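J.: Below is the structure I would like to discuss, written out as structure tokens.
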Ligand code: G6P
């Protein structure tokens, strides 16, 4: 979603501001812009890609030592140049004096806009952001830091902002509430960004701001105050290892690279695991796990589907009642609360606005314990939960989540096993066997990845379709949902997933020769039921595309296309079965010529509700 970069230096910082935007492109955006101080305020904006902005700037000899840049994902107002950030606010003579970029949503912007309009401020955009620029300008008292401290108190909603002004040429002020913002420390120069990735190659010394912090970034100092305007020190972290993530290697897209990284990502997620022990989830986990009697999982998107899969495991293996809910639904309803249910948030980014709000709400409702399964150790979600397990997928750049999903499943399986063991539902022999299966999982995944050429052949015919159905049963129903989500996200083919037993209750009406029906068909206890559902599809002329296990005796025939995975992988089978669906979506999108890593209208990290 939106991205922020800011810099104060003694050299031209335009290349840093642009490179930062390039590194944030993966988050999804529809316009971008840069503003610098070079005596006055100068700005360039584009509704195209960062590369186009770069060209515009190169042609105009645009330079400066202080500045901010932004990628915008439209919320208030269409993706148009006048709505792109940075936003300016002029003084009475019409000279631009304040430049500002913003991530998030200001809920009371209309009220503030009316006030400012009455004072004579003119608005050239439909954004909530321009309101903050004018507000800062209006409240400016000669000290930008002090002004921003006061101005943000007027704002309701979620925001991260970076602002500079004409009268203080070597200063950028930042503030965060509900959206991430961090400081990058340099030598005689300092930076701001919404994501450490933006500053890779510039600095690895990072300070993460806390909720309500305001920061004064100058050439040789950074000063932070908390929500009560009290000066605070925040720890400095050394953050590296981003350069590998940016490098595509032999792959055409980040999504393809990330699909193929899954064996490594799972190996890393399992690193150091010798047994299923509560301490994997934090020091207090043993006590917490003793106390809880149920689980409430909250998540969005792909993370929600990993949680849905885990419900099958948690209930059948650990015997613990588990409820899984979409975070944006949970946060606005009145659930019957079981305070002893462990709240588990599942998130790749750890910053998804709805999941964070749902976590906060669950705590307010009286849930005593919380756990985050997350890919970013420094994220708000990890900071705000009592327990955590970090998936070690590495940076995920493709908007369509792949390696984050399979590592989340791995972590949720570890949680299941740990709870099962504590509840006397796992013998030492079973523990040994599950550990063995987990360790072999990366190899099993390699065999599935080797099926790519067969899947490419299918993708050619999928690329010509506009609709697809996905079927699964039991543990693999959420995998069918995830497969359909992947296909629609990046190929724009309308795809829906159903539990196969529901076919007769509606979707069968859609089945014709034109309808490809992708079937996730592991050789588990439900295979015979699933075969009957497949017959129902064939009888209506539907084309079946079946992912079967090699030991399931399912063979290709007229209208039935079968790709065989290795032998059935038991409880961990969903982790294998999702991979061909990822590859099918990827190659179908490739054949349709879509922007695989940055699908239209979507963002990687959804930091607004
Ligand atoms: C966005 C991304 C998805 C992701 C979802 C939840 O929609 O495009 O890939 O699954 O957010 O994100 P999270 O970071 O909380 O897992």
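Even glycines carry a Cβ here, placed using N, Cα and C.
I grabbed these lines from TrEMBL:
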ACT_SITE  2  active site, nucleophile
ACT_SITE  604  active site, for Fru-6P isomerization activity
DOMAIN    2-220  domain 'Glutamine amidotransferase type-2'
DOMAIN    285-425  domain 'SIS'
DOMAIN    458-599  domain 'SIS'
J.: Do me a favour and check the Cα-Cα span between the residue listed as 'active site, for Fru-6P isomerization activity' and residue 2 (active site, nucleophile); whole Å is fine.
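T.: Just about 10 Å between their Cα atoms.
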J.: Looking only at the domain 'SIS' (458-599), what is the mean pLDDT?
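T.: Here the mean pLDDT over the domain 'SIS' (458-599) amounts to 94.
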J.: Including all protein chains displayed, how many Cβ atoms other than that of the residue listed as 'active site, nucleophile' lie within 10 Å of its Cβ?
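T.: So the number of other Cβ atoms within 10 Å of the residue listed as 'active site, nucleophile' is 29.
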J.: Tell me the Cβ neighbour count for residue 604 (active site, for Fru-6P isomerization activity), meaning other Cβ atoms within 10 Å of its Cβ, over all protein chains shown.
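T.: Looking across every protein chain shown, the total is 25.
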